[in-house]
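Peer 1: Quick one: this structure, given as structure tokens, is what I'll be asking you about.
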């Protein structure tokens with residue numbers, strides 16, 4: 001009993017919004033019941049009338065809608081109205097076949113009116129009218145609207161990344177706020193979803209038109225069989241009775257279908273403005289009196305041709321002339337807008353400001369349009385998250401936060417191409433193919449794979465772009481397999497490390513100093529700028545980063561500078577002193593946990609020769625420089641084969657000279673001095689440069 005009372009109270013507890021939520025399920029239940037349950041003729045009249053009214057409402061809403069997204073529910077409504085018409089066809093077919101022998105009113109007054117009054121009771125005329133309506137709906141309106149929806153969906157989807165990037169650019173420039181950006185992104189997504197849905201929903205209408213023809217044929221044939229075989233009617237009376245009912249049923253269904261198809265065409269062909277379709281049509285068709293005059297002249301000439309219906313043509317000629325005269329008079333009576341006062345020519349152009357100066361980003365990336373989904377968080381792009389992780393990991397490893405990577409699309413690039421820029425200059429580029437995998441050969445992979453051969457952009461190893469299905473096979477053969485976003489992120493990470501010294505500017509030096517001052521205020525207060533200038537500190541830190549030395553241990557760096565800067569102001573000399581102070585960290589960086597360090601060494605005779613050249617102030621002889629470079633390259637190759645770090649150990653005085661000389665040709669080589677190695681490590685020479 002309590003449950004019954006609760007059910008009776010349910011309608012009073014539902015709010016208007018809750019009734020709106022139930023509208024969809026109620027309509028589905030109604031459609032299903034129409035297909036399953038036999039309905040009386042009066043209920044069919046109500047449902048046919050409701051279908052006609054609904055189609056007219058949909059058309060009027062489409063006409064008065066100013067923007068496509070104002071009627072975003074149209075694809076769903078199109079589906080429901082199609083199902084409603086098909087359900088009505090099923091219900092009316094059932095009652096026509098069951099009660100058609102009783103007379104013209106067997107399927108209700110609406111079907112009778114459409115079958116008798118609209119076509120004069122002549123079933124041949126009814127069949128012709130029905131077929132014409134189906135052809136208009138199927139071949140003209142629906143086909144055209146479907147094609148427009150297909151092309152519109154394609155263009156909307158192609159333009160979606162550009163719109164997203166434009167919104168991000170406006171947001172970054174401060175032209176819009178975060179809420180407005182979210183609203184615009186939502187509208188762009190809704191527009192793409194709408195046209196994509198319309199592309200598919202148009203197929204429902206075409207299928208409905210085909211179903212209407214088949215249902216008519218089935219009704220006529222079935223009616224003849226039922227009337228003749230079951231009810232003993234003659235073939236002529238059965239054909240007349242059942243065919244007229246079928247024609248009425250078909251017309252009462254096809255006319256709303258034609259109206260709905262017209263509404264679909266209006267929706268997909270309209271242009272989003274501040275005017276509805278009627279205002280656009282009237283305003284643009286009848287705005288020019290010259291057009292009316294020319295049209296009147298053409299009709300007047302046709303009206304004077306012998307044998308033509310002169311009265312009709314001349315009536316329309318007079319109407320168009322009157323319309324042109326009225327439009328011309330309205331233009332002449334329109335109040336003239338006050339003309340703005342013209343400023344002198346030299347003041348008419350807005351003066352340039354400093355806001356017009358575009359500064360280059362410290363670090364940027366440009367991508368082709370195929371790579372835009374990788375950097376769009378709304379499309380689950382992983383690259384943005386990877387870049388954030390790269391910056392965080394780099395800050396933890398090297399001791400400073402690299403600049404933000406500004407990403408933008410560049411339609412001049414190849415679709416799968418990307419470029420990495422530093423201060424507006426390209427420092428790296430490559431190709432990436434979303435959905436495919438890069439199989440990198442580390443030198444030990446066996447066999448080959450089908451795909452596009454390329455080179456790993458970060459380390460220059462041979463690689464192949466393969467399909468996802470070949471991923472496991474590539475791993476079995478010894479390839480290192482990574483996805484497209486990982487390729488780009490690894491390349492970016494490699495370049496940030498390679499150019500870390502250039503990315504560390506005075507601004508970053510000051511920010512790092514401010515961060516250190518929070519922990520050690522007394523040290524920084526006494527040191528900068530009293531003992532060492534910010535310029536000198538910046539140069540020392542840059543020198544360390546240029547040789548891959550982390551600057552995390554700022555306490556040691558600042559204390560060393562505080563001790564030696566009063567005696568030495570040369571940044572390169574101060575860098576050498578700081579490197580010795582950071583010796584344990586440098587040793588740990590290249591030889592973690594190894595008591596024995598395997599390094600490349602210099603022959604004693606070559607070392608003496610280099611020291612003499614350094615003390616004499618002269619440069620290296622060209623022949624000696626070439627031999628030194630060639631032997632270093634050979635030793636480095638042997639070092640890599642042993643799996644040892646690419647480290648060259650030299651005399652402390654020679655380290656800066658050899659580092660600058662060899663780093664140009666062998667950027668992977670690390671030059672350490674004997675003073676920078678920890679005392680508790682045992683040194684083993686794997687190769688000697690300059691030896692016999």
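Keep in mind that glycine also has a Cβ here, set from the backbone N, Cα and C atoms.
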Peer 1: Need the matching range: Swiss-Prot marks transmembrane segment on one of 163-183, 184-204, 247-267, 268-288, and I'd like to know which.
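Peer 2: In Swiss-Prot, residues 247-267 carry the label transmembrane segment.
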Peer 1: For which of the residue intervals 95-115, 326-346 does Swiss-Prot record transmembrane segment?
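Peer 2: Going through 95-115, 326-346 one by one, Swiss-Prot gives transmembrane segment for 95-115.
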Peer 1: Do you know which of 296-316, 359-379 Swiss-Prot annotates as transmembrane segment?
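Peer 2: Checked against Swiss-Prot: transmembrane segment maps to 296-316.
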Peer 1: Check each of the ranges 3-23, 24-44 against Swiss-Prot and return the one annotated as transmembrane segment.
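Peer 2: Of 3-23, 24-44, Swiss-Prot gives transmembrane segment for 24-44.
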Peer 1: Looking at the stretches 121-141, 209-229, 247-267, 296-316, which one shares the most CB pairs under 8 Å with the transmembrane segment (71-91)?
Peer 2: 247-267
Peer 1: Could you give the residue numbers and ranges of same-chain residues that sit at least 6 residues beyond the transmembrane segment (247-267) on either side and whose C-beta is under 8 angstroms from one of its C-beta atoms?
Peer 2: 48, 51-52, 54-56, 58-59, 61-63, 65, 68, 71, 74, 78, 81-82, 85, 88-89, 92-93, 96, 107, 110-116, 118-119, 123, 126-127, 129-130, 133-134, 136-137, 141-142, 144-145, 148-149, 198, 201-202, 205, 208-209, 212, 215-216, 219, 277
Peer 1: Within the same chain, where does the transmembrane segment (209-229) have neighbours whose Cβ lies under 8 angstroms from its own Cβ atoms, ignoring anything closer than 6 residues to its ends? I mean 6 or more beyond.
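Peer 2: Sequence-distant neighbours of the transmembrane segment (209-229): 86, 89, 93, 96-97, 100-101, 127, 130-131, 134, 137-138, 142, 235, 237-239, 241-243, 245-247, 249-250, 253-254, 257.
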Peer 1: Mind checking which residues of the chain, 6+ beyond the ends of the transmembrane segment (121-141), have their Cβ under 8 Å from one of its Cβ atoms?
Peer 2: 115, 205-206, 209-210, 212-213, 216, 239-240, 243-244, 247-248, 250-251, 254-255, 257-258, 261-262, 264-265
